[in-house]
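Please read the structure below before turning to the comments.
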Amino acid sequence: MGGLGRTSSLSPLWLWIPIYICVVVVVVCVSVNVSAELQRIEHPAVKADATLSFLVIGDWGRKGTYNQSQVAFQISTPPTAFKNNVLGNHDYRGDVEAQLSPFLQNIDHRWFCQRSFFVHTEIAEFFFVDTTPFVDKYFLKPKDHKYDWRGVLPRKKYLSNLLKDLETALRDSTAKWKIVVGHHPVRSIGHHGDTKELLTHLLPILEANNVDMYMNGHDHCLEHISSTDSQMQFLTSGGGSKAWKGDVDKNRRDGVKFYYDGQGFMSVELKQMNAKVVYYDIFGNVLHVLNLSKALHYAI
């Protein structure tokens, strides 16, 4: 994890992790002493009656093809984020260390990329988790894929520290809404399905600390699954470009509220006591709406 136990100064930017799911927010960071080891990013204070709004999009990056440009148009994202992406420092598209390099911030000040960190706001905290090292097959059966594990090995120690740091940060959080973001799904009926390693190691921590939402990509679809054991909502936004038509497990319907096997994105509006999540397709049509209430528990 880069920058343990410290904050950095950025404004405004795309919060992005090197496993392709991003949340659009504006942050201004100041130095703060925190007990958790995850790097903490400070968001400008939100008034009690204000709304914190952001977009979630995952699994883009095909140079405008597979409706990527249409998704970008709908969310009105500045073109540098989608046309060529941020290039430099030996081209980040093929180099994880380049993605993590602060050099890219000199090219585009919105760029912020760390393996794991969290964003503090007045009404919500967002915990970004590097989920890739959890997946056993990437180590045991990589096939033709090549992975750069610099900064991750020894794996067991890395994961142990990450889980400990995340648990501490979640436990210490007093935010009204706790939102965890990772690339891989905990729950999914799409192509990849549930990530068994996250069910074993991550989910118990999320449930024990009353996490409200887990957001992910990886499965190239839009999806909403409601936990049958807790208040948690599993929200997949992996429709940034290429989608997998019809690739869904129709026999697993427990908790499934919505599934769309096309491109699109997700918007979120947070208030002190209410949250609204909306899924859109490439034409801007509303596909699914989720309303959450702290006062009335969860209503869909």
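Any Cβ shown, glycine's included, is placed from N, Cα and C.
The annotation transmembrane segment is assigned in TrEMBL to 13-34. The feature Fe cation 1 binding site is assigned by TrEMBL to Asp59, His220. Under the heading domain 'Calcineurin-like phosphoesterase', TrEMBL lists 84-221. Look at TrEMBL and you will find Asn89, His183, His218 tagged as Fe cation 2 binding site.
According to DSSP, the domain 'Calcineurin-like phosphoesterase' (84-221) comprises 50 helix, 23 strand, 65 coil. Rounded to the nearest whole angstrom, the C-alpha distance between Asp59 (Fe cation 1 binding site) and His183 (Fe cation 2 binding site) is 9.
Other Cβ atoms within 10 Å of the Cβ of His220 (Fe cation 1 binding site) number 24 in total over all chains. Counting in whole angstrom, His183 (Fe cation 2 binding site) lies 11 from His220 (Fe cation 1 binding site) by their C-alpha atoms. Its Cβ taken as reference, His183 (Fe cation 2 binding site) is surrounded by 23 other Cβ atoms within 10 Å in the chains shown.
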